[in-house]
Amino acid sequence: MSESSTPNVKYSRVLLKVSGEALMGEKGFGCDVEVLDKLSHDLKEVYDFGIQLCLVVGGGNIFRGASSSSPFGFERASNDYIGMLATMMNALSLQNALEKINVQSRVLSAIPITAVCETYIRRRAIRHLEKGRVVICAAGVGNPFFTTDTAAALRGIEMGCDAIFKGTQVDGVYSADPKKTVDAVRYDRISYRDLLSLDLKIMDVAAVSLAREHSVPIIVFNLGKRGSFADIIRGRGLYTTICN
């Protein structure tokens, strides 16, 4: 691909956090095939820029550990482990969607499940990136009480990513939920400190604190819009940058 076709691409390695909810579309549960197809093509567009791409997937479309304790009566740790297995299902689905369109990828799990994927090892993950493979990280950080947002921050930092991209259902960070508050204000840029002090729950405190400590910017955008990831990578469209 020529340089003229990829203007303003300033990243060499990025991490995208994909929530489980983003994969279910309008179904209400599980993975929507059309959503997987759209997302895989959006990822391929960025991949074709020559950018090394790693993903962290959530599992909320199948099981939400933190919010499932009350109806199921399970202890929180057990809920979280079930949620980690849900992320594995999503990761394998996304891997297959990518490889259908000839994008080589590897699933690496924080919990050893060697019959279906590799165990996450930092140097192995980086080597896959260097070989031109998309790395899909599953099972969060491998421990209960940590969200997949925190896993995204951790993996992004330890793999030396230039930025962490958080795909949501809105085009950035707002002062309030724009779907409920008409006069909610969208931020083009906001500091980690202000995000935390205003209690804007776009990511959990641990994830934001990790990114802040290591000065890795978090970029929040609407993942549901076709081609939005590639646009944001090129500095186009609407998004919010969280930084110092």
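Along the chain as shown, the residues are counted starting at 1.
Backbone N, Cα and C atoms are what each Cβ position is placed from, and that goes for glycine too.
Pulled from Swiss-Prot:
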type	residues	note
BINDING	LYS17, VAL18, SER19, GLY20, GLY60, ARG64, THR168, GLN169, TYR174, ASP177	ATP binding site
REGION	25-30	region 'Involved in allosteric activation by GTP'
BINDING	GLY59, ASP80, VAL141, GLY142, ASN143, PRO144, PHE145, PHE146, THR147, THR148	UMP binding site
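If you check the binding-site residues LYS17, SER19, THR168, TYR174 against GLY59 (UMP binding site), the ones with a Cα inside 10 Å of its Cα are SER19. A simple Cβ count within 10 Å picks out one of the binding-site residues GLY59, GLY60 as the most packed, and that one is GLY59. Summed and averaged per residue, pLDDT over the region 'Involved in allosteric activation by GTP' (25-30) gives 86.
THR168 (ATP binding site): 19 other CB atoms within 10 A of its CB, across all protein chains. You'll find the Cα of GLY60 (ATP binding site) roughly 17 Å from the Cα of ASN143 (UMP binding site). ASN143 (UMP binding site) sits 24 Å from THR168 (ATP binding site), taking the CA atoms of both as reference points. For the binding-site residues LYS17, SER19, THR168, TYR174, a Cα to Cα distance of within 10 angstroms from THR147 (UMP binding site) holds for none. You'll find the Cα of THR168 (ATP binding site) roughly 22 Å from the Cα of PHE145 (UMP binding site).
With a cut-off of 8 Å between CB atoms and residues at least 6 apart in sequence, the same chain places ALA110, THR150, ALA151, LEU154 near VAL141 (UMP binding site), listed in sequence order.
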